[in-house]
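Peer 1: Straight out of Swiss-Prot:
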- 3-24: disulfide bond (DISULFID)
- 9-29: disulfide bond (DISULFID)
- 13-19: disulfide bond (DISULFID)
- 23: site 'Basic residue of the functional dyad, critical for activity' (SITE)
- 31-34: disulfide bond (DISULFID)
- 32: site 'Aromatic residue of the functional dyad' (SITE)
- 34: cysteine amide (MOD_RES)
């Protein structure tokens, strides 16, 4: 998922992992587990 900031990643990562833990790194989302 492309992003401009970490908050762009929270919703897609919550869908993937069930948790909104995420960071935007090099304009793409990195999802972390709970």
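The backbone N, Cα and C atoms fix where each Cβ goes, and this holds for glycine too.
Quick caveat, the model's predicted, so the values are computed rather than measured.
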Peer 1: By the DSSP assignment reduced to helix, strand and coil, which category contains residue 13 (disulfide bond)?
Peer 2: helix
Peer 1: According to DSSP, does residue 3 (disulfide bond) sit in a helix, a strand, or coil?
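Peer 2: In the DSSP reduction, residue 3 (disulfide bond) maps to coil.
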Peer 1: Check the Cα distances from residue 32 (site 'Aromatic residue of the functional dyad') to each of the disulfide-bonded residues 3, 19, 24 and keep only the ones within 10 Å.
Peer 2: 19
Peer 1: How many Å separate the Cα atoms of residue 3 (disulfide bond) and residue 13 (disulfide bond)?
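Peer 2: Just about 12 Å between their Cα atoms.
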Peer 1: For the disulfide-bonded residues listed here (13, 24, 34), tell me which residue's CB has the most neighbouring CB atoms inside 10 Å.
Peer 2: 13
Peer 1: Have a look around residue 29 (disulfide bond) and count the other CB atoms within 10 A of its CB, chains all included.
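Peer 2: There are 19 of them.
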Peer 1: What's the CA to CA span in angstrom from residue 24 (disulfide bond) over to residue 9 (disulfide bond)?
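Peer 2: About 7 Å separate the Cα atoms of these two residues.
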Peer 1: Quick check for you: of the disulfide-bonded residues 9, 31, 34, which have their Cα within 10 Å of the Cα of residue 23 (site 'Basic residue of the functional dyad, critical for activity')?
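Peer 2: So far as Cα distances go, the disulfide-bonded residues lying within 10 Å of residue 23 (site 'Basic residue of the functional dyad, critical for activity') are 9, 31.
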